[in-house]
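Asker: I have a structure I would like to understand better, so I am pasting it below and will then ask my questions one at a time.
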Amino acid sequence: METPSQRRATRSGAQASSTPLSPTRITRLQEKEDLQELNDRLAVYIDRVRSLETENAGLRLRITESEEVVSREVSGIKSAYEAELGDARKTLDSVAKERARLQLELSKVREEFKELKARNTKKEGDLMAAQARLKDLEALLNSKEAALSTALSEKRTLEGELHDLRGQVAKLEAALGEAKKQLQDEMLRRVDAENRLQTLKEELDFQKNIYSEELRETKRRHETRLVEIDNGKQREFESRLADALQDLRAQHEDQVEQYKKELEKTYSAKLDNARQSAERNSNLVGAAHEELQQSRIRIDSLSAQLSQLQKQLAAKEAKLRDLEDSLARERDTSRRLLADKEREMAEMRARMQQQLDEYQELLDIKLALDMEIHAYRKLLEGEEERLRLSPSPTSQRSRGRASSHSSQTQSGGSVTKKRKLESSESRSSFSQHARTSGRVAVEEVDEEGKFVRLRNKSNEDQSMGNWQIKRQNGDDPLLTYRFPPKFTLKAGQVVTIWAAGAGATHSPPADLVWKSQNTWGCGNSLRTALINSTGEEVAMRKLVRSVTMIEDDEDEDGDDLLHHHHGSHGSSSGDPAEYNLRSRTVLCGTCGQPADKASASSSGAQVGGSISSGSSASSVTVTRSYRSVGGSGGGSFGDNLVTRSYLLGNSRPRTQSPQNCSIM
């Protein structure tokens with residue numbers, strides 16, 4: 001369906017296409033079309049305004065009905081507010097009295113704390129003196145043990161030398177016996193040779209006698225034969241016989257002479273050998289006698305030294321036993337004194353901690369009550385302003401007190417606010433991750449970079465020569481510590497590697513000091529790795545710091561609560577039936593048990609609140625729930641529940657065990 005403007009545009013276009021128009025005609029037609037378009041837009045706007053006026057009339061009727069419903073509920077709500085305001089005034093008076101009592105108790109606790117601190121300082125001085133005396137005695141014991149070990153090593157050395165000398169004496173005695181035996185053998189051989197020489201001489205004489213006898217017998221036979229031979233040949237035979245006898249005699253004499261020379265030569269050689277052997281044996285026997293004499297002299301001197309060392313060792317052992325007994329008595333006395341002082345210090349610390357915890361608990365409760373009263377006052381003032389109620393003289397006086405209290409709280413030099421709250425607070429925590437693949441684990445890493453502690457978790461000793469500990473702190477340079485070459489960590493033992501700036505004493509194998517490094521480093525990401533001699537990572541521990549910033553100002557909390565209250569009014573189109581009620585619940589930060597301090601007296605109002613105290617940053621968390629009444633509801637409260645949390649800081653650390661919990 002075409003609109004009038006579209007039809008007019010169609011007709012004008014047709015006319016323009018049929019007949020040519022002048023510029024003035026064209027201008028008038030355009031103005032006419034503009035006026036027609038504006039008239040159409042005005043008609044549409046008037047229709048829209050009429051429809052909006054109709055809707056506005058319906059809305060005014062609904063608002064009138066809602067105001068009538070709310071006006072019927074104002075009386076009940078006013079009575080509930082007045083009852084709760086009376087309870088708040090009573091609570092404020094009791095809190096003021098409790099505050100005065102707590103201030104008196106705080107002064108007493110401070111005096112007791114000063115006295116206990118002075119006594120603790122004195123006890124710590126006595127403890128330091130006892131520890132210094134114990135260290136001196138331990139140093140004396142170490143020196144005596146070193147002297148004893150030196151004497152024992154010298155004794156073992158002398159015993160070894162004595163054993164060697166005894167072995168040498170035994171060898172020399174054996175050599176002397178062998179030399180004597182050889183001398184006796186040589187003497188026997190000499191006597192045997194002399195006997196043989198005598199025998200040979202006798203045999204030679206006997207042979208000479210035999211030869212002479214044979215010669216005479218031969219002569220006699222020849223003579224007998226010569227007698228028988230005829231006289232013609234006697235001369236020939238005699239000459240031949242003489243020649244033969246001469247030849248035979250010459251041969252016998254040559255043989256005897258040769259045999260005699262050989263016998264004399266053999267005898268002379270054997271006699272020379274026997275004489276040389278006897279001389280050698282006599283020289284060996286003399287040297288053996290001299291060595292034996294020297295060995296006996298040395299053995300006597302070593303025996304005298306050994307007896308003297310044994311006497312010294314016995315005296316040292318007796319003195320060592322006396323020193324050990326005295327050291328044991330000193331240790332027992334020091335242990336008893338140290339145990340007594342530690343028990344007294346523990347009792348004093350327990351009493352101080354208990355008093356501080358009680359004071360901290362009371363201070364937290366008082367702080368929560370002050371916040372609740374301040375929030376009540378802000379809410380009541382807002383409701384009175386919204387409902388245009390005239391405040392009673394009592395409420396004016398309480399408002400005056402509240403304003404004076406807020407001015408005191410807002411003053412920069414207020415001691416109470418400085419004690420209660422800090423402008424901001426940071427809470428840091430460490431998360432650890434450890435990994436172990438060998439016998440030794442990284443048990444503990446100091447957050448301030450003072451030490452690194454390792455533990456041998458196995459049942460066997462672990463040699464850690466040339467092992468390394470590598471420390472990485474974010475993007476900082478890598479720190480590397482190398483163990484001594486002969487270091488060994490016993491089974492189940494712990495070794496602590498201290499930085500030079502920690503002030504620890506170097507006492508291996510339990511405590512080692514890294515003298516070239518003042519600190520292990522501290523930061524937000526600490527990674528400590530244990531590397532063995534082959535370069536393999538056998539253990540690791542990583543610390544990551546997380547920091548939480550807490551903004552906690554009492555006035556800001558009250559203002560936020562008041563702004564939330566007025567914002568609720570604005571969002572509900574100024575509904576006078578909207579209000580906030582709450583109750584309070586105090587929770588113990590350690591054991592988690594609730595302690596009911598107040599309850600809401602309004603029927604149908606269900607409000608939750610909690611106060612918890614953290615153990616690390618000692619921050620108080622106040623959680624409140626608000627139930628708001630809707631504008632279209634009947635005589636009951638609304639169903640919209642709003643929960644808000646407030647963080648209040650306290651710079652004093654607080655640790656409390658469940659046994660000392662004031663709530664339990």
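The backbone N, Cα and C atoms fix where each Cβ goes, glycine too.
Per Swiss-Prot, the feature compositional bias 'Low complexity' maps to 403-414. Under the heading SUMO cross-link, Swiss-Prot lists Lys201. Annotation comment: Swiss-Prot describes Ser5, Ser18, Ser107, Ser277, Ser458 (among others) as phosphoserine. Annotation source Swiss-Prot lists phosphothreonine at Thr19, Thr548 (among others), citing similarity to another entry. Among the features that Swiss-Prot reports, N6-succinyllysine is placed at Lys32, Lys171. According to Swiss-Prot, the feature N6-acetyllysine maps to Lys78, Lys260, Lys316 (among others). If you look up Swiss-Prot, you'll see 34-70 marked as region 'Coil 1A'. Residues or ranges marked as region 'Coil 2' in Swiss-Prot: 243-383. What Swiss-Prot records for 417-422 is motif 'Nuclear localization signal'. The site 'Heptad change of phase' annotation in Swiss-Prot covers Thr266, Glu330.
Structural setting of the listed features?
Answerer: Lys201 (SUMO cross-link) falls within a helix when secondary structure is assigned with DSSP. Using a 10 Å radius centred on the Cβ of Lys201 (SUMO cross-link) and all shown protein chains, the other Cβ atoms total 12.
Other C-beta atoms found within 10 angstroms of the C-beta of Lys32 (N6-succinyllysine) number 12, with every protein chain shown included.
Of all Cβ atoms in the shown protein chains, 14 besides its own fall within 10 Å of the Cβ of Lys78 (N6-acetyllysine).
Neighbour count (other Cβ atoms within 10 Å of the Cβ, all protein chains): 10 for Ser107 (phosphoserine).
In the three-state DSSP scheme, Lys171 (N6-succinyllysine) is classed as helix.
When secondary structure is read from DSSP and collapsed to three states, Lys260 (N6-acetyllysine) falls in the helix class.
Under the three-state DSSP scheme, Ser277 (phosphoserine) falls in the helix class. In this view, Ser277 (phosphoserine) is surrounded by 17 other Cβ atoms within 10 Å of its Cβ, with every protein chain counted.
Note: Lys316 (N6-acetyllysine) has non-local neighbours Ala147, Leu148, Ala151, i.e. same-chain residues 6+ apart with C-beta under 8 A of its own C-beta.
Under 8 Å, Cβ to Cβ, and six or more positions away along its own chain, Ser458 (phosphoserine) finds Arg439, Ala491.
Summed and averaged per residue, pLDDT over the region 'Coil 2' (243-383) gives 81.
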Asker: Distance check, please: Cα of Ser277 (phosphoserine) against Cα of Lys78 (N6-acetyllysine), rounded to an integer number of angstrom.
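Answerer: Distance (Cα to Cα, whole Å): 145 Å.
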Asker: Per DSSP, what is the residue tally for the region 'Coil 2' (243-383) in helix, strand and coil?
Answerer: 141 helix, 0 strand, 0 coil
Asker: Among the recorded positions Lys78, Lys201, Lys260, Thr266, which ones place their C-alpha within 10 angstroms of the C-alpha of Glu330 (site 'Heptad change of phase')?
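Answerer: Passing the 10 Å Cα cut: none.
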Asker: Measuring Cα to Cα, tell me the gap between Thr266 (site 'Heptad change of phase') and Lys260 (N6-acetyllysine) in whole angstrom.
Answerer: 10
Asker: Using Cα coordinates, what distance in whole Å links Lys171 (N6-succinyllysine) and Lys78 (N6-acetyllysine)?
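Answerer: Pair distance, Cα basis, whole Å: 125 Å.
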Asker: What number of additional C-beta atoms lies within 10 angstroms of the C-beta atom of Lys171 (N6-succinyllysine)?
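Answerer: There are 11 of them.
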